[in-house]
Amino acid sequence: QDFKCNSKSIYLRYFCISFHYVWPLPQIVIPSPERYQLKPQSFSFGYRRYLDTKHSCSVLDAAFKRYFSILFPGYTYGDENEVFTLTISLDRHDCQGYPNQDSSERYKLSVFAGQASLNAETVWGSLRGLETFSQLVYQDDFGSYYVNKTEIEDYPQFNYRGILLDTSRHYLPVQAILKTLDAMAYSKFNVFHWHLVDDPSFPYQSQKFPDLSNKGAFHPVTHIYTQSDVRRVISYARMRGIRVLPEFDSPGHTKSWGKGQSELLTSCYRGGTPSGTFGPVNPTLPSTYQFMASLLKEVASVFPDPYIHLGGDEVDFSCWRSNPYIRAFMRKMGFGLDFSKLEAFYIEKIVNITSVLRKTSIVWQDVFDYHERRKFLSVVEVWKQGCYLCEVRRVVKAGLRVILASPWYLDQPGPTHNWARYYNVWPLAFKGTEKQKSLVIGGEVCLWGEYVDATNLSPRLWPRASAAAERLWSNERQTSCVERAFPRLQEFRCKLLRRGIQAEPLSVGHCKHEYQSGIF
């Protein structure tokens, strides 16, 4: 879609109040030059409807403290003599659960003299509204805090807005993951896709199979995620309205698995004898599926999200091809020499195991590409480069849901000013029916770990990922102009910096508070 930057009405309506830019841009904003002073000593958050001292909400209680510190750095929340109050009301009291694919994030925010009101259908929507309010507050040159009269109605364009972190190729300390979750909440991302394990290492500490990390992690003590670590990440994410989606990729990308689980991987052959090397998971043995069922049962109990990512990408068939027992199995099954049918056989069994556990499976695009029987699939993540919209169209025409990742691979180093490349992505710009387009449930920024560890995680991710965040949240016609987006993203980058996120600069210049955040 070729959107032009020539709509003065959009400019006047959404950008005339230059000092309170919001990122991602809300769906409907009615700004005003009328402003009200905020004083930390007389500001408070309050409850209305279903929320009182008898039915308080731990998610909101924690958010109040968190956002008070964001609004007024250096001040303590809880002072009395309130003058300005932001009152929260929820249509449903859902504070005890976890966010999911169907959770509403819709909210309405009204700011007027002496008070503000935030109404949301769910607690997750209220968290998005609190983030928006925090971006409306600004300081003048004398340090006084202000907020302008504003009316906002907002909701996301897509329900799935993810960030993938790879913790196998380089181990990421838990604190680095938590800091990323903070930044995700600031950009209104709502899914943390945790690519936990891969060929290089298996850092997840399994209760049922402790040798997987004891023998497969870079270090069995310092470079693992204990059950306590995982619970901490899930809890931290929940308090910010973020789902944690675990990925256990197989049958390929599993070299580290074989170190702690014998006879799981395929023995490769050379000249009719074992070569001593191993390839993908062996799909011919009953013990393989017994192991996978036990592991996935544990994963399903540890991670509360109703989805599990099963991977299925980049399977190297050469080892399977070399193994005489694999070839004999294929002849018996009538697969001939088509090893994609063997992969399909394996994936279908793993998907069925996941279904029994009452989890919905997500797979990489390869599974869709190689398999004729597609009815057992639910969600396909499109990642291959090239005409990715062509791939999206193929998947939705088959009646399957899609997550788009292809245009948002940020693991390779690149100049920050190429953020526009990630901004000018139109996920629905393909020929199809409205029903088909509704199957595109969202997109994902992928930060693979070959060249990323805790030293460069934040600057490589932010603020480029925020470009994708606006594309996935906001109305694409109101956010089609890079030139108008730039000053808002530049200011948002300064907000990230002040909040302790080491986001790279977008251009020459400076941030007003860049040396006051204590991160330098």
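Including glycine, each Cβ sits where the backbone N, Cα and C put it.
Feature list (source: TrEMBL):
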| type | residues | note |
| --- | --- | --- |
| ACT_SITE | E314 | active site, proton donor |
| DISULFID | C57-C95 | disulfide bond |
| DISULFID | C268-C319 | disulfide bond |
| DISULFID | C494-C511 | disulfide bond |
| DOMAIN | 22-136 | domain 'Beta-hexosaminidase eukaryotic type N-terminal' |
| DOMAIN | 158-475 | domain 'Glycoside hydrolase family 20 catalytic' |
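Positions of the features from TrEMBL, shown on the structure.
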residue	record	Cβ contacts under 8 Å, 6 or more apart
C95	disulfide bond	C57, S58, V59, L60, V123
C268	disulfide bond	P274, S275, T277, F278, G279, S318, C319, S322, N323
E314	active site, proton donor	G252, H253, D366
C494	disulfide bond	C511, K512, H513, E514
For the domain 'Beta-hexosaminidase eukaryotic type N-terminal' (22-136), what's the mean pLDDT in this predicted model?
89
Near C319 (disulfide bond), how many other Cβ atoms are within 10 Å of its Cβ?
21
Residues of the domain 'Beta-hexosaminidase eukaryotic type N-terminal' (22-136) by DSSP state, where helix covers H, G and I:
31 helix, 36 strand, 48 coil
